[in-house]
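These notes concern the structure reproduced below.
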Amino acid sequence: MLKEENTQEILHDLGEQEILNRLRKYMDYGQIDDDTALIKSYKKELIINTDMLVEDVHFSEITTNPNHIGWKAVATNLSDLACSGLEEVIGITVGLSAPSSTPWSWVDGVYTGIKAALNKFGGKLLGGDCSNGKQKTLCITALGTKGPLNLHRSNARPGDYLITSGPHGLSRLGLSLLLSDPITKSINVPNLLKEHAIKAHQEPQPPIKALQTLLKCKPYAMPWNAAATDSSDGLLEAIESLCRSSNCTAVVDHKNLPKHADWPSGKQWNDWCLEGGEDFELVVSLPPNWAKAWLKAMPCTKAIGRMKEGPAKAMWSNGETIQKAMDTKFEHF
């Protein structure tokens, strides 16, 4: 079809078959020819996760370009696989829904980001589906093989160390910076912190390296069991989910909140650290010997508290229950 110069191709003009034909370059030869994806049989257990990214809920074109959207779609799913004991990424399928007026360049950018993330973290684009819709939506299903670690939220035990694999609040700060939020304009945020925060929001890193280190430093005679989740919905929610599943109390040391070295002080900044969301760090409850080995092997990890017998809740070390700041808590609905 001939196009006038400077006129963008839109999905309505291309049609489904041409869209699928253009997406072939992101997959292995023949992968898209059939309605199913053939995966070779594995003797190991499979772990599978499905996540959605919805425009104006999980991303905005004001703050996130198409490449970043594709990257983020992969990273969110692989983060969930990592906190379930991922050994190797097999691949993903992609369900795409978008208005027919969507430019092809947007779709191409998203799949470029998807491919870049898979190239870095492993796995292939196995297939998927596309449809016309009122809102841009990506639905990703990720598949991987499970390693020897049995990571379940219900595995936390009294006496465990509560550890996270990295700092929190960066993604929320990055979003604020991209939106020119008055909060971030009222304080001198160091340039290095700005760079880290914006990258954390636009190109999150699933905690695969942290998981691999956790695996390597397990004491020899210790069982392969630990409690873990990721902090995609915020650090506090991650801690509370471990408490609920394990029926334990988490005692958190306020002085040990996992913050970037240049993180400002103040209640708002503590709230972002606790509840900003989309940090994608491992939050793990580990027996003391294993915890100490992981802390030594990976300097970016931080012990933020202990688990003890008691009701399923998170509390400060002074005995006060950690209260949620509802205006900052990350919610899907």
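The backbone N, Cα and C atoms fix where each Cβ goes, and this holds for glycine too.
Long-range Cβ proximity for Asp80 (Mg(2+) 4 binding site), meaning a same-chain Cβ under 8 A and a gap of 6 or more residues, is found for Asn49, Asp51, Ala142, Asp230, Ser232. Annotation comment: Swiss-Prot describes Asp35, Asp80 as Mg(2+) 4 binding site, evidence class sequence analysis.
Feature annotation from Swiss-Prot assigns Mg(2+) 3 binding site to Asp35, Asp80, Asp230; the stated evidence is sequence analysis. Counting every protein chain shown, 25 other Cβ atoms lie within 10 Å of the Cβ of Asp230 (Mg(2+) 3 binding site).
Taken from Swiss-Prot, the feature Mg(2+) 1 binding site covers Thr50, Asp51, Asp129, and the record attributes it to sequence analysis. All protein chains considered, the CB of Asp129 (Mg(2+) 1 binding site) has 13 other CB atoms within 10 Å. Reduced to three states, the DSSP call for Asp129 (Mg(2+) 1 binding site) is strand.
Under the three-state DSSP scheme, Asp80 (Mg(2+) 4 binding site) falls in the helix class. The Mg(2+) 2 binding site annotation in Swiss-Prot covers Asp51, Asp80 and is backed by sequence analysis.
Cβ neighbour count for Glu278 (substrate binding site) (all protein chains, 10 Å cutoff from its Cβ): 23. The substrate binding site annotation in Swiss-Prot covers His58, Glu278, Phe330.
The Cβ of Gly128 (ATP binding site) has Thr93, Val94, Gly95, Leu96 as same-chain neighbours under 8 Å, each 6 or more residues away in sequence. According to Swiss-Prot, the ATP binding site annotation covers Tyr111, Gly128, Asp129, Arg153, Ser232, on the basis of sequence analysis.
The Mg(2+) 5 binding site annotation in Swiss-Prot covers Asp233. Cβ neighbour count for Asp233 (Mg(2+) 5 binding site): 19 (other Cβ atoms within 10 Å of its Cβ, all protein chains included).
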Return one of helix, strand or coil for Asp51 (Mg(2+) 1 binding site), based on DSSP. strand
DSSP secondary structure for Glu278 (substrate binding site), reduced to helix/strand/coil, please. coil
Sequence gap of 6 or more, C-beta under 8 Å: which same-chain residues meet both conditions with respect to Tyr111 (ATP binding site)? Leu23, Tyr26, Gly70, Val94, Leu125
